[in-house]
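Engineer: Let me give you the structure first, and then I'll get to my questions.
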Amino acid sequence: AYCYHGQTLLASDKCGEAIRSLQESEKYFAKAEALCKEYGETKGPGTTAKPSGHLFFRKLGSLIKNTLEKCQRENGFIYFQKVPAEAPQLELKANYGLVEPVPFEFPALNAHWTPETLAAFDLTKRPKDDTAKPKPDEEVKPLKEPDIKPQKDSGCQIS
């Protein structure tokens, strides 16, 4: 998130804040890379997963590095802005590109579902002699299969 936020800041000519955001991104990427390598070396189920080798993870590392170099280069030539000590705050509430969620509400109960109706479904009050007797298995008689012998003369010719 810090990487993409840094790109947005650079596009809006806030190069100093973009550099700080990308430095923060680099720090978190290093932590994530260490955790991914540790996960890939653990024993047990799921060891075939190598998150550090995933395409997104590999591209993100080079994207952070290249964007940070670009920001530092442009800040040295064009902008001359100070790099703040604190990383800029991320805007966690998206205000574009997303649909507002519809809050879920349970539908109203039907008038037929009264406490008396629900009490009628008590399984402890069922009749005891309601058990179904299993049917005895019928014996399956073996079928005689025809004796098929390979024939040399099948009528097929290769010309």
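Backbone N, Cα and C atoms are what each Cβ position is placed from, and that goes for glycine too.
The compositional bias 'Basic and acidic residues' feature in TrEMBL is assigned to 123-152. Under the heading domain 'BRO1', TrEMBL lists 1-104. Residues annotated as region 'Disordered' in TrEMBL: 122-159.
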Engineer: Where does the mean pLDDT land for the domain 'BRO1' (1-104)?
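Structural biologist: Average per-residue pLDDT within the domain 'BRO1' (1-104): 89.
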Engineer: Under DSSP, the domain 'BRO1' (1-104) has how many residues in helix, strand and coil?
Structural biologist: 65 helix, 0 strand, 39 coil
